[in-house]
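Quick look at what Swiss-Prot lists:
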type: DISULFID; residues: 24-41; note: disulfide bond
type: DISULFID; residues: 34-62; note: disulfide bond
type: DISULFID; residues: 47-51; note: disulfide bond
type: DISULFID; residues: 66-77; note: disulfide bond
type: DISULFID; residues: 78-83; note: disulfide bond
type: SIGNAL; residues: 1-21; note: signal peptide
């Protein structure tokens with residue numbers, strides 16, 4: 001009986017731990033599991049001095065809170081697995 005109870009406890013802990021792991025894109029085709037406590041994916045886009053040549057810069061990643069937008073910087077946040085694909089790789 002104790003073995004069954006211990007097994008159930010271990011299975012419960014493993015299942016709860018897996019449920020908290022969010023997967024976000026860190027690059028155009030690079031999904032990674034976020035560290036504990038970082039439960040949001042973000043996409044940050046902006047223009048720099050070379051925007052007319054190479055287009056908008058893109059930063060993807062995980063965050064505990066949605067980063068604060070600054071003038072000229074667009075940020076979107078989401079909370080489901082792989083919800084922040086690189087804008088160039090989104091299906092149309």
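Backbone N, Cα and C define each Cβ position, glycine as well.
For the pair residue 51 (disulfide bond) and residue 77 (disulfide bond), the C-alpha distance works out to 23 angstrom. Residue 47 (disulfide bond) carries neither a helix nor a strand DSSP state and counts as coil. For residue 62 (disulfide bond), the nearest neighbour among the listed disulfide-bonded residues (41, 47, 78), judged by C-alpha distance, is 41. With respect to their backbone Cα atoms, residue 77 (disulfide bond) and residue 34 (disulfide bond) stand 14 Å from each other. Each residue contributes its Cα atom, and for residue 41 (disulfide bond) and residue 78 (disulfide bond) these two points are 5 Å apart. Look at the Cβ of each of the disulfide-bonded residues 24, 66, 77, 78, 83 and count the other Cβ atoms within 10 Å; the largest number goes with 24. Taking every protein chain shown into account, 34, 41, 47, 51, 62 are the disulfide-bonded residues, and of these the Cβ with the most other Cβ atoms within 10 Å belongs to 41.
The disulfide-bonded residues listed here (34, 47, 66) include 66 as those with a Cα within 10 A of the Cα of residue 78 (disulfide bond). Relative to residue 83 (disulfide bond), the disulfide-bonded residues with Cα atoms inside 10 Å are 24, the candidates having been 24, 34, 47, 66. Here is what falls inside 10 Å of the CA of residue 24 (disulfide bond) among the disulfide-bonded residues 34, 47, 66: 34. DSSP assigns residue 41 (disulfide bond) to a strand in the three-state reduction. Rounded to a whole value, the Cα-Cα separation of residue 47 (disulfide bond) and residue 66 (disulfide bond) is 20 Å.
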